[in-house]
């Protein structure tokens with residue numbers, strides 16, 4: 001008899017509250033300084049362990065299941081191989097986060113897969129080992145594994161937990177996909193922002209070095225940002241396309257959401273310095 005399905009493992013979105021590109025390494029990767037904070041909008045994953053060793057992904061989104069490079073499958077297979085386990089898993093994905101919007105949904109799904117199967121397969125790796133496995137899948141997978149709002153340096157893998165204000169955000173989702181690779185390969189990208197200490201960064205005006213380039217080439221992002229900035233301090237997350245405005249109160253964000261033009265989509269979310277994944281793990 002198979003084990004029961006372990007349900008509702010959250011994979012939260014993240015915002016880059018600031019993002020500075022401070023250099024480029026010889027291997028082509030970029031040096032960053034950024035601040036990650038989670039928001040309370042999540043994908044959800046269910047897991048059922050099997051004894052045959054097969055890893056299978058189920059989703060209502062056929063293109064997710066058909067993608068053999070899907071990060072969920074990569075994460076599960078990487079952990080299975082690293083730990084030498086013979087068990088497999090059926091994985092069900094409820095995809096609620098926009099894809100390719102700079103909210104980290106794919107990386108978060110991978111992180112939740114590693115954290116959940118580490119528990120369900122009784123591997124019990126330390127979180128740092130999971131983060132090492134996750135880093136090979138993507139630079140921002142480790143922050144989702146650790147589950148704490150963090151200041152990040154290097155390519156984004158050197159993490160220091162911080163406690164920024166947990167504000168309310170109105171997140172707009174422009175109907176366009178921005179290629180992260182294209183942005184970081186562009187000769188127009190600012191790559192020489194001076195490195196600053198964490199204390200200086202936390203006290204200054206926050207910005208995103210990728211924003212100027214993206215809004216120059218993607219009018220949908222430019223239009224969303226120019227509309228939102230009329231109501232609140234606003235900027236882009238990651239390499240876009242999503243942009244966010246920050247508010248002190250939920251009601252303020254909801255009031256602006258109600259004014260949203262019919263050609264734009266968005267949602268209101270709460271900033272979280274502790275990922276809901278940690279609470280789910282505690283109840284595994």
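Glycine is no exception: its Cβ is also placed from the backbone N, Cα and C atoms.
For residue 14 (active site), the same-chain residues that are 6 or more apart in sequence and have a Cβ closer than 8 Å to its Cβ are 36, 37, 38, 39, 103, 104, 108, 140, 143, 144, 237. The active site feature in Swiss-Prot is assigned to 14 (among others); the stated evidence is sequence analysis.
When Cβ atoms from all protein chains are considered, those within 10 Å of residue 140 (active site) total 25, not counting its own. Residues or ranges marked as active site by Swiss-Prot on the basis of sequence analysis: 140 (among others).
For residue 100 (ATP binding site), the Cβ neighbour count at a 10 Å cut-off comes to 17, with all displayed protein chains included. Residues or ranges marked as ATP binding site by Swiss-Prot: 98, 99, 100, 101, 102, 103, 104, 105, 106, 107, 108.
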(message) Counting other Cβ atoms within 10 Å of each residue's Cβ, which of the binding-site residues 98, 102, 104, 106 comes out lowest?
(response) 98
(request) Give the number of CB atoms, excluding that of residue 108 (ATP binding site) itself, located within 10 Å of its CB. (result) 29
(request) Using the recorded ATP site (98, 99, 100, 101, 102, 103, 104, 105, 106, 107, 108) as reference, state which further residues of the same chain have their Cβ within 8 Å of the centre of those residues' Cβ atoms, listed in sequence order. (result) 13, 97, 238
(request) Give the three-state DSSP assignment (helix, strand or coil) for residue 14 (active site). (result) strand
